[in-house]
Amino acid sequence: MTVQQAFEQHVMHTYARFSVVFERGEGCYLEDSEGRRYLDFVAGIATCVLGHAHPVLSAAVAEQARTLIHVSNLYYTPQQACLAEWLTAHSAADQVFFCNSGAEANEGAIKLARKYGRTVLGIAEPQIICAHQSFHGRTMATVTATGQPKYQKHFHPLVPGFVHVPYNDFEALRAQVTDATAAVLIEPIQGEGGVVPGDVEFFQKLRRFCSERRILLMLDEVQTGMGRTGRLFGYEHLGIEPDVFTLAKALGGGVPIGALCAKEAFAIFEPGDHASTFGGNPLACAAALAVCQTLEAEQLVDNARERGAQLAAGLGRLVERFKPLVRTARGRGLMQGLVLSEPRAAEIVRLAMEQGLLLVSAGPEVIRFVPPLIVSAIEVDEALAILEGVFARLPVTVTA
């Protein structure tokens, strides 16, 4: 039985997978079971910030596995303490709750907001405002928070207590605020919603408004956090600090870990309020700490900013050459999106893969670029050249 046959027979069909089996990786490249190499601009969907088989991360995981993998949160472990110290020293947060994924981190934020609403604001049924086209996860609470009905189909009744408003529209958001509003949960850049950057003026107005109304401002940094945008956290581009923010994806460099981060005044969980069996285990924390230290040692946040500017400029040239099919490019750092005038993103992703470049869509009309933060100038140029070749051979059906 082949790998793909085993998947077909024994793995639930929750993904429409590409017909390729990856067996190894190094740097920004993956190699499939037939020995073919691919330039990886997906990075596990904005996760493998150090690329594949990075020696520091590999050594940290191997060494920790030889020492201690898991004991539960009934006890103290040095790896969790060190990681929490690093995150709070480098961010607006004072305290951290560790879990295993972005959905779990956002689930924790939702619970924190509800407790804040009930115990601090005295709201019997707290409400959370989210944005249309947002994505916060696939658990019942986070898929309800997600502002995309396609992810909610078949899963009603949804969790009550969520209101959705247009992204980057302060007046629309303010109009939905009531005495029951406890929090706003929003992304600095909408990732799955089409790589839509947050507007600075919107977020600064939102920050002031939330402070005035004692509403929690919670940022979902699952995709933007840990250097992806050319700053360590996405909120740094916006000139604000959140009360609460969530991390995952890049935090572990491919090892599952998530984090709910909060300022001390809002870190109101008590024993019994929330928990995670695996959250913050020594193995995951050792991996995440290696990622954090490597981001600094190799100046990868700076690299994300510089290579992001190079990528954005190259995408801009593609926009000019291939109009009207390609409408615009947008993003920050190494989180870029190429916006099409037709729903052909999946087709272009497939054609690019055939030419050895891995990309991922963000909706039917947006191609997303989220390479490892170690990506070089040569590799960015290689990706742009492959993509240019794909567009050059693509039949254009849009009329000017």
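Glycine too: its Cβ is placed from the backbone N, Cα and C atoms.
Owing to the predicted nature of the structure, the values given are computational and were not obtained by experimental measurement.
What Swiss-Prot says about this one:
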BINDING   GLY102, ALA103, PHE135, ASP220, GLU221, VAL222, GLN223, THR277  pyridoxal 5'-phosphate binding site
BINDING   ARG138, SER276  N(2)-acetyl-L-ornithine binding site
MOD_RES   LYS249  N6-(pyridoxal phosphate)lysine
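In this entry, GLY102, ALA103, PHE135, ASP220, GLU221, VAL222, GLN223, THR277 make up the residues listed for pyridoxal 5'-phosphate, with the farthest two CA atoms of the set 25 Å from each other. Sequence-distant neighbours of ALA103 (pyridoxal 5'-phosphate binding site) (same chain, six or more apart, CB under 8 Å from its CB) are HIS136, GLY137, ARG138, THR139, THR142, GLY258, listed in sequence order.
Look at the Cβ of each of the binding-site residues ASP220, GLU221 and count the other Cβ atoms within 10 Å; the largest number goes with ASP220.
Ranking the binding-site residues GLN223, THR277 by the number of CB atoms within 10 A of their own CB puts GLN223 at the top. The Cα of SER276 (N(2)-acetyl-L-ornithine binding site) lies closest to that of GLY102, out of the recorded positions GLY102, PHE135, GLU221, LYS249. Listed in sequence order, the residues of the same chain lying 6 or more apart from LYS249 (N6-(pyridoxal phosphate)lysine) and placing their CB within less than 8 Å of its CB are GLY44, ILE45, ALA46, THR47, GLY102, VAL222, GLN223, GLY225, MET226. DSSP assigns the residue listed as 'N6-(pyridoxal phosphate)lysine' to a helix.
Over all protein chains present, the Cβ of VAL222 (pyridoxal 5'-phosphate binding site) has 28 other Cβ atoms lying within 10 Å.
All chains included, 15 other C-beta atoms sit within 10 angstroms of the C-beta of ARG138 (N(2)-acetyl-L-ornithine binding site).
Take the binding-site residues GLY102, SER276: by the count of other Cβ atoms within 10 Å of each Cβ, the lowest one is SER276.
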